[in-house]
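Feature annotations, reproduced from TrEMBL:
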- 13-365: domain 'tRNA-guanine(15) transglycosylase-like' (DOMAIN)
- 91, 92, 93, 94, 95, 145, 188, 215: substrate binding site (BINDING)
- 91: active site, proton acceptor (ACT_SITE)
- 246-252: region 'RNA binding' (REGION)
- 265: active site, nucleophile (ACT_SITE)
- 270-274: region 'RNA binding' (REGION)
- 303, 305, 308, 333: Zn(2+) binding site (BINDING)
């Protein structure tokens, strides 16, 4: 095991921790930007350090296609290749094949898919996924799991759950760098509490360095989403990090942190930036709107990032549809916002004011008191009183 996880503070289920990895000492809760091919589009690694990024996520599937894991290994690993001194996490590659390549076929052996290069069938096995990730050299590597959308029901969910548990043993056996890289297992089971519990117990029995909650953020209702997170975090070990995969909306991160999760990743902050949308405490600000054309305010007057200190909404409005600089500035701001949110979650738990932070966050985002009912229900389970933020129509009692 190549990590240390120390809980520094708690409020009920929420926790703030120090996660020590081979390349960096991180504070949780934390958000990880997604750098598909070893880069966050439009930002340098120096800028990512500047705004407090702790871990970058790399996509094994894309890196294995180009520039190839063999080349990355020959050049000293992904840290050196992309000039990133802090921590890295790589996914297993399975999700990309299922989501990007509709011609994927999952069997007990692995995932068969059509090569996007020449159209020939290719097979990704648990062993090969781990071998590729061993060559890439990230601090955290993910087991290959049998990925099924939560909107699918029936025997396929049960098959995927049990296969995910069988595959974890093949991943453990194939993992040749356990003293340098941490293998996380992924809890599957769809929206079925019994299957989720079976998968949690199966993975916990393997005593892995950390655990991820997978198969969410794929179209399920928010009420189903938070209940799965609550169930899994309650059953996973206290002394290990818990990672909710594919979650990037600020509200979702606050809710999941209240329920005891520690780590998150998503393309949302940078992808939405490329469409001209900024993340702000009130929700989102759409810079393409005509109203922004002569607005001389910064994106967010409360934000200390260099974009908000130096540029107006009008200037960015002028850029977003015509110049790459617009999406670069918005990506910088959006990631700054997400990383600041992570720091604020951590410090509020440490200082014993997490409930106040949650209430302030919700009051700013929902000034009319129209906090979604699912948030009210989740916070009730998390033991946080947000009744002052909710109208009678969206309170947990209704």
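Glycine too: its Cβ is placed from the backbone N, Cα and C atoms.
All TrEMBL annotations are machine predictions without curation.
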Rounded distance in angstrom between the Cα atoms of residue 333 (Zn(2+) binding site) and residue 93 (substrate binding site): 29
Counts of helix, strand and coil residues, the region 'RNA binding' (246-252), according to DSSP: 3 helix, 0 strand, 4 coil
Shortest C-alpha distance to residue 308 (Zn(2+) binding site) - which of the binding-site residues 91, 93, 145: 91
Pairwise CA distance, residue 303 (Zn(2+) binding site) versus the residue listed as 'active site, nucleophile', rounded so that it is a whole Å: 22
Those residues of the chain, 6+ apart, with a Cβ under 8 Å from that of residue 188 (substrate binding site): 145, 146, 147, 148, 160, 161, 164, 195, 196, 199, 214, 215
Secondary structure composition of the region 'RNA binding' (270-274) [DSSP: H/G/I, E/B, coil]: 5 helix, 0 strand, 0 coil
Cα-Cα distance linking the residue listed as 'active site, nucleophile' and residue 92 (substrate binding site), given in Å to the nearest integer: 14
Extent of the substrate binding site in Å [max Cα distance among 91, 92, 93, 94, 95, 145, 188, 215]: 16
Sparsest-packed of the listed recorded positions (91, 145, 265) - C-beta count within 10 angstroms: 265
Top Cα neighbour of residue 305 (Zn(2+) binding site) in the set of recorded positions 93, 95, 265: 265
Cβ neighbour count within 10 Å of residue 215 (substrate binding site): 30
Cα distance (Å, whole number) from residue 265 (active site, nucleophile) to residue 94 (substrate binding site): 16
Rounded Cα separation (Å) that holds between residue 95 (substrate binding site) and residue 265 (active site, nucleophile): 14
Which same-chain residues, if any, lie at least 6 apart from residue 93 (substrate binding site) yet have Cβ under 8 Å of it: 59, 60, 61, 64, 124, 129, 132, 144
Env. residues of Zn(2+) site, Cβ within 8 Å of mean position of 303, 305, 308, 333 Cβ: 298, 299, 300, 304, 306, 307, 309, 332, 336, 337
